[in-house]
Amino acid sequence: MPGLDATQIRRKLADARLYLCTDARTERGDLAEFAEAALAGGVDILQLRDKSAGAPLEARAELAALEVLGEACARHGALLAVNDRADIALAAGADVLHLGQDDLPVSVARRVVGEHVVLGRSTHSAEQASAAATEPGVDYFCTGPCWTTPTKPGRPAAGLDLVRETAASGATRPWFAIGGIDAARLPEVLAAGADRVVVVRAITEAEDPRAAADWFRTRLRG
Ligand SMILES: Cc1ncc(COP(=O)(O)OP(=O)(O)O)c(N)n1
Ligand SMILES: Cc1nc(C(=O)O)sc1CCOP(=O)(O)O
């Protein structure tokens, strides 16, 4: 299946509402089956983020998992995202590279992945969000965590105030709220002004990942 070009990737990013990070699920079932279910339920961007052993996957294992996710994303017209590693994003033919505050500078990552890959940045304060909203080369950013979360231990909550401030800032780049978001809390996140979210456990730990994704998709797409 041919890959998406830069224009198609940016259009899909603009339209994206539901972003899922998953681990490689080596011990909890089949990655292909999980990806198929989550994407059928309406996930727009699927990121491999596997820190389940307390450290990132080795490069070969990461590439193998990305191949599985990439095939599923291509079937569903979703974007494939890589966390942290520009070299792996390039090698995997990913559409998206997500960078934290301590990861590669955007200008350096851009040199590695080229122009067509979308670059995202994590932000945890109004200052960081404002920088990501204007820094050249950043295509989207995330604000959080809205609540403390076991998925990101040690990261203090930025709270919904950061979502409110970002919404009020009139940021024109796509931005996503992240951290502790589940079905019960989504209404508060939307009321604070977000219209895009990133989730992990709300779908990865759901008994029925397709139904969980579909629940979010319905609320995010109105
Ligand atoms: C979409 C998305 N948003 C935020 C993060 C967190 O990135 P980072 O701060 O680099 O932390 P780690 O994921 O590397 O632990 C993300 N991965 N994806
Ligand atoms: C990976 C990650 N990054 C965050 C940030 O604030 O940058 S919060 C987070 C974990 C989100 O997981 P869950 O949906 O299970 O709470």
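Along the chain as shown, residues are numbered 1 onward.
For all residues, glycine too, the Cβ spot is worked out from N, Cα and C.
Feature annotations, courtesy of TrEMBL:
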type	residues	note
BINDING	GLN47, LEU48, ARG49, ASP50, LYS51, ASN83, SER122, LYS152	4-amino-2-methyl-5-(diphosphooxymethyl)pyrimidine binding site
BINDING	ASP84, ASP103	Mg(2+) binding site
DOMAIN	18-203	domain 'Thiamine phosphate synthase/TenI'
Neighbour-count leader, CB within 10 A, binding-site residues: ARG49, LYS51, LYS152: ARG49
Count of other CB atoms lying within 10 Å of the CB belonging to ASN83 (4-amino-2-methyl-5-(diphosphooxymethyl)pyrimidine binding site): 23
Neighbourhood of ASP103 (Mg(2+) binding site) by C-beta distance under 8 A, where only residues 6 or more apart in the same chain count: ASP84, ALA109
Collapsed DSSP category at LYS152 (4-amino-2-methyl-5-(diphosphooxymethyl)pyrimidine binding site): coil
For LEU48 (4-amino-2-methyl-5-(diphosphooxymethyl)pyrimidine binding site): intrachain residues, at least 6 apart, with Cβ closer than 8 Å: CYS21, THR22, ASP23, ALA24, LEU57, GLU62, ALA65, LEU66, LEU69, ALA81, VAL82, ASN83
Binding-site residues close to ligand 2 - of LEU48, ASP50, ASN83, ASP103, SER122, LYS152, only those whose C-beta is under 6 Å away: SER122, LYS152
Which same-chain residues, if any, lie at least 6 apart from ASP50 (4-amino-2-methyl-5-(diphosphooxymethyl)pyrimidine binding site) yet have Cβ under 8 Å of it: THR22, ASP23, ALA24, PRO56, LEU57, GLU62, ALA65
Segment-level pLDDT (mean, integer) for the domain 'Thiamine phosphate synthase/TenI' (18-203): 96
For 4-amino-2-methyl-5-(diphosphooxymethyl)pyrimidine: widest Cα to Cα gap among GLN47, LEU48, ARG49, ASP50, LYS51, ASN83, SER122, LYS152 in Å: 17
Cβ neighbours within the same chain of GLN47 (4-amino-2-methyl-5-(diphosphooxymethyl)pyrimidine binding site) - under 8 Å, at least six residues apart: TYR19, LEU20, CYS21, THR22, ALA81, VAL82, ASN83, VAL96, HIS98
SER122 (4-amino-2-methyl-5-(diphosphooxymethyl)pyrimidine binding site), number of other Cβ atoms within 10 Å: 25
